[in-house]
Amino acid sequence: MSEIIELSSTDQQDAKRLDTSLQFLSFTLGQEEYGVDILRVQEIRSWEPVSRIPNVPSYEKGVVNLRGAIVPIIDLRERFQLGHSDYSPLTVVVVLQARMADKTRIIGVVVDSVSDVVDVNKKSIQSAPNFGAKVSTEFINGLVSVSGRMVMLLDVDKLLKLDGLDGEDES
Amino acid sequence: MATILAVDDSASMRQMVAFTLKGAGYNVVEAVDGADALNKAKAQAFDCVVTDVNMPNKDGIELIRDLRALPNYKFTPMLMLTTEAGTDKKQQGKDAGATGWIVKPFNPDQLLKTIKKVMG
Amino acid sequence: MSIDMAQFHQVFFEESFEGLDAMESGLLNLDLGDFNVEDINTIFRAAHSIKGGSGTFGFTAVSDFTHVMETLLDEMRDGRRKITQPAVDVLLGSVDCLRDMLQSIQNGSEVDQADVAEHKLALDNELNNAVPNSPSVGKQTAKASTVLPADDVKQIAGWVIAFSPHLHLLKTGNEPVRMFRELASLGHLTTTVDLQGVPNLYDLDPEECHLSWKLEVSGDIPETEIDEIFDWVEDDCDLAKQPIYQTPSESTPFHGSPEIAISHAVSRVTKDVSSELASSEESEANAADRKNGKKEDAKAAPKGSSSIRVDTSKIDTLINMVGELVITQSMLSLLGEHFELNKLDQLKNGLSQLERHTRELQESVMNIRMLPISFVFSRFPRLAHDISSKLGKKIELKLVGENTEVDKTVVELLSDPLVHLVRNSLDHGIEMPDVRLAAGKPETGTVTLEAYHRGGNIVIEVADDGKGLDKDKLRAKAIEKGLIDADAILSDKQTYELIFMPGFSTAEKLTDISGRGVGMDVVRRNIQALGGNIEILSELGKGSTISIHLPLTLAILDGQSIAVGDETYILPLGSIIESLHVKEDRLNRVAGKGETFLLRGQYLPIIRMHQIFNVLSAKTTKLTEGLIVVVEGQGLRCGLFVDDLLGQQQVVIKSLEANYRRIEGVSGATILGDGSVALILDIPGLVRLANQ
């Protein structure tokens, strides 16, 4: 299991960090709690209206202008088929950096709320069990227990790749 | 802080000279040819001039001659960047009032050593 | 101090390529009968710069090679050497060779040593030919022999130096004190000053140096180090130096040195001369073409970051504008602090000023990316020279509007299509001299390359006064190739446009200059990919003109905002023909083929934007209530059904693919005045979507 974690933490900052511990930003989607590598989090913003993109899956909400860059916004609830919730100014968008080939791409994901930054000992990460059809385990790097709650650790790069956001698979 | 005027029509050489001198703590102003350099030297006082010889719009030797004629540049160290083969050029440069020369190709260390020699 | 010289390499390569281009055009334009020294000087200077740079940046092979060119040019410049056509040709070949060498080094690929050796040999031969006692080799040998053998300086315990500067020494910028400090860094220094030469105060000129010194420096110091300190003032002082030996009166320093031979000629050329003589013109031409092909490959795949050289005046304009913008901004913020309604006029003024400055700033920034088209045109004189001499044609190439500016990206992407077109004109367009004379035309054919601005476009025309296109032949060929039906009715324009169809080639036989590899269909596709179009006009016996229309920049677009429901999209203004309300009786529903409407006798398909983009908020779905925008893209005309037209504005094109992906029907995105994102529509993509 720990091998998979190392695969996703290849940048230099990671290497400098204690190799036994990782930091994750945790957030909630409905009743579930997820975590992403904190080094992949560029910023946290509140929801703002997007420009819709025609003929794409409904979880691809559209694009926004992030300081001059056009950035797609993905609704993770819908992506994971956890139902839809209405957006309010309190809805949170986590802006993530993902790597595709040698490029860094920026993507925003809509989550219900951001909970915490958690320190995770690598050794305490368990491999993901089969969730069945509900959530594709392909996005999940592993599971970790934080104060009795279960947090699913997401692999940002895979999340984007499976969405075909790498721009290579044209329609 | 001493300010040096670096003159070369070749951007790569000019950047190399400027970068080296800045790295050693000098202020550097760049000029792209003799005419540009003369204008800049008239507008601002320099503690040292490092110039290429072969340039369009006033070559390095003419530049040195013109600068020497200015009251502010009577004693200013002026170095020319010249190729080994340019013995005649060295002499012409000296006659025009050059302080000395740096033979191309040179590396940043050689440049700094020579600059230190005239800047004290 | 260690400096990573690699950071200057990119700049060096770029300026070297520019230098090579300058050399090439200089050599091509050199009128052997009547040239000006400055012409040669320009060529010489380029070679000189490349040599200096390559030496400094450690590309010794390049600097060695350039050295020979430089020597040759130097002798020409001084009038020591006569400039002959063979010499110019050798130099031109060397320019090519050097360009290949630099390209290989830049791309990290292998330098073609045999090619380099061959050209170097040609240069050396040229160098040794006309001037029997070539001074360059001798000079180098002499220079190399000043090294002192290390053994002989061991016993030196110090130096005594008598140094009497001439009066003007200070005026060379040299300063004795600094020199003494240098000496002191070599060993212990004692100085004794001689004041005898100092005149009395009334006669004293403070700018002159009247002092002289006796200097003693101790230590095992090589003579070269002492010499180095006084090197610059040799002629500005009387200098005598005497070594102090540890064991006195032993050997005096021995100055002889081993002969160091510097070999210039690289004679590893394994070329069978006789076989080359026997080789046919064709194979020679093939070789040339192979080389050209290689060159273009290298061009097509530039490595590393690209940079741009900007005229300083453009930067100055920019700085001025930013200055004005700052003033306006501070004026506005002052106004905002204590705003009252009676200051409304001031506010309006300020805002319109802000708008003007912003627009000007935008224009200037875009202007930085603009390069003169001469960057592309400059390679054609060489092409014309080479092709006309190879084919035995007489061709004059005219370049018009070389200073027309166009975006750097466009310049780069335009290069290959233009080469193809010019080659076509030179090869197929212009006839052989005897054919021309027989047709009552001047013996020398003319190919004109012209660039000019029209609206937001740059237009580039390649015109020749050659044989022109034969409509009947074109038609017959298209039928033969199965591209059109035998009974197809084509207008003249449509007939000429056949040459842009894939699989069509007009040449009766393929030659190695053109008609190979990419065809006109590829040229057209490349131009269209840049958002432009290409047209051909021709008259049999009179010649052909091909014109390319391209947007000036790929980064900015004149856009028309349209509304579909509460969504805003941008249409390229250039693609819009007109917009109209359509009446019921003009509408037509073709069974199974969707909706069309009648416009001046032509039925045009209607694309409902709300439908293909699934816009639920559309104000209306009744065709008569909305607006039909007639657009054209890649030869397709259709009517887009939208709610309304909004404003026209210039928009900066942003990539959707940078962080997202390509979306059918959309060519990019832009940011509107309110900060929101609007998609830019792609007409051919919309047509494809509608047909799905």
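Note: Cβ is positioned from N, Cα and C throughout, glycine not excepted.
TrEMBL: automatically predicted annotations, no manual curation.
Taken from TrEMBL, the feature compositional bias 'Basic and acidic residues' applies to C:287-300. According to TrEMBL, the domain 'HPt' annotation covers C:1-105. Marked as domain 'Histidine kinase' by TrEMBL: C:340-554. For C:556-692, the entry in TrEMBL reads domain 'CheW-like'. As annotated by TrEMBL, phosphohistidine applies to C:His48. TrEMBL lists C:273-306 with the feature region 'Disordered'.
All chains included, 27 other C-beta atoms sit within 10 angstroms of the C-beta of the residue listed as 'phosphohistidine'. Reduced to three states, the DSSP call for C:His48 (phosphohistidine) is helix. Per-residue pLDDT, averaged over the domain 'CheW-like' (C:556-692), rounds to 87. In the domain 'CheW-like' (C:556-692), the DSSP tally of helix, strand and coil residues is 19 helix, 72 strand, 46 coil.
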